[in-house]
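Heads up, the thing below is written out as structure tokens.
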């Protein structure tokens with residue numbers, strides 16, 4: 001829709017103010033738009049941001065531009081120490097979302113009488129940006145998690161043994177995190193929900209402290225309750241589309257697979273990573289027949305998704321698993337039952353890297 005021409009504003013200061021805030025809003029929208037385009041690959045967000053930017057452009061009449069006087073603008077060249085603290089792209093995006101929202105609010109207030117169409121557009125865009133900012137935040141978190149997942153080598157899955165005291169659990173996981181493991185999957189099928197919640201909260205905190213991913217096994221409700229990075233599901237758990245609808249696109253979704261058809265199905269459904277195994281017999285699931293190295297070799301050729309070989313892997317048989325094509329492994333007993341979990345974690349990491 002075309003913006004109706006407006007008569008020159010009698011108060012030059014208001015015209016200058018409108019001009020400056022139109023510039024500010026359009027520039028800020030472009031910063032966010034370019035991050036959505038190049039950083040997030042989100043065409044849907046780019047289309048919306050471009051539309052808003054062009055709508056404001058149609059309201060940027062010559063009468064506003066002609067009132068511009070950069071030579072006498074006391075705000076030219078001003079900066080703030082916080083600008084030097086924007087180390088991550090998201091910091092830049094968040095700052096520009098706030099910048100646009102503030103500029104739009106100023107336009108609403110000062111354009112209400114001289115240019116009601118501009119005021120209405122500014123209000124509509126401001127409220128839209130509040131929602132879009134949340135979407136960008138979630139997309140950014142999801143992208144960061146997936147980048148971190150790509151760099152993972154070693155995932156520690158916790159034991160379900162009911163006699164493992166909290167302190168022993170936390171001490172073991174903490175030692176492994178200090179050694180440099182990339183990811184922890186919380187698995188405990190024997191504890192009460194309250195015990196699981198207590199343990200998951202502490203483990204999530206430890207993982208955040210050490211910059212590792214934290215995944216909850218099976219329990220989407222628990223993953224959401226502790227703000228985990230994702231959830232890992234077995235073949236008999238919720239379908240992928242249902243699980244994704246619950247955890248959102250910003251969290252990771254993993255799926256265990258035992259043969260190629262399951263792997264291909266999980267990838268097609270949109271899982272972020274896969275478990276491949278059990279490679280060897282394991283005390284965790286003694287009833288499950290090990291699939292050996294043949295499926296590991298198949299998986300290495302069948303998918304570009306990150307995947308973890310799992311099942312009875314330890315330092316003595318790891319090289320054979322690597323030779324079969326595995327770049328990532330998930331272990332339970334090798335670390336959880338180790339007398340020196342930090343040293344064992346280091347050994348495994350060195351062998352993988």
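Cβ atoms here come from the backbone N, Cα and C positions, even for glycine.
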Check Swiss-Prot: it lists 185, 186, 187, 188, 189, 256, 285 as binding 4-amino-2-methyl-5-(diphosphooxymethyl)pyrimidine. Then name which of 217, 314 it lists for that same site.
217
What's the CA-CA gap between residue 188 (4-amino-2-methyl-5-(diphosphooxymethyl)pyrimidine binding site) and residue 237 (Mg(2+) binding site) in angstrom, rounded?
15
Between residue 256 (4-amino-2-methyl-5-(diphosphooxymethyl)pyrimidine binding site) and residue 237 (Mg(2+) binding site), find the distance joining the two CA atoms and give it rounded to the nearest Å.
10
Once the chains shown are all counted, how many other Cβ atoms turn up within 10 Å of the Cβ of residue 185 (4-amino-2-methyl-5-(diphosphooxymethyl)pyrimidine binding site)?
24
Give me the Cα-Cα distance between residue 185 (4-amino-2-methyl-5-(diphosphooxymethyl)pyrimidine binding site) and residue 218 (Mg(2+) binding site), rounded to a whole Å.
10
Taking DSSP as the reference, which of helix, strand or coil describes residue 217 (4-amino-2-methyl-5-(diphosphooxymethyl)pyrimidine binding site)?
strand
Residue among binding-site residues 186, 189, 217 with Cα closest to the Cα of residue 237 (Mg(2+) binding site):
217
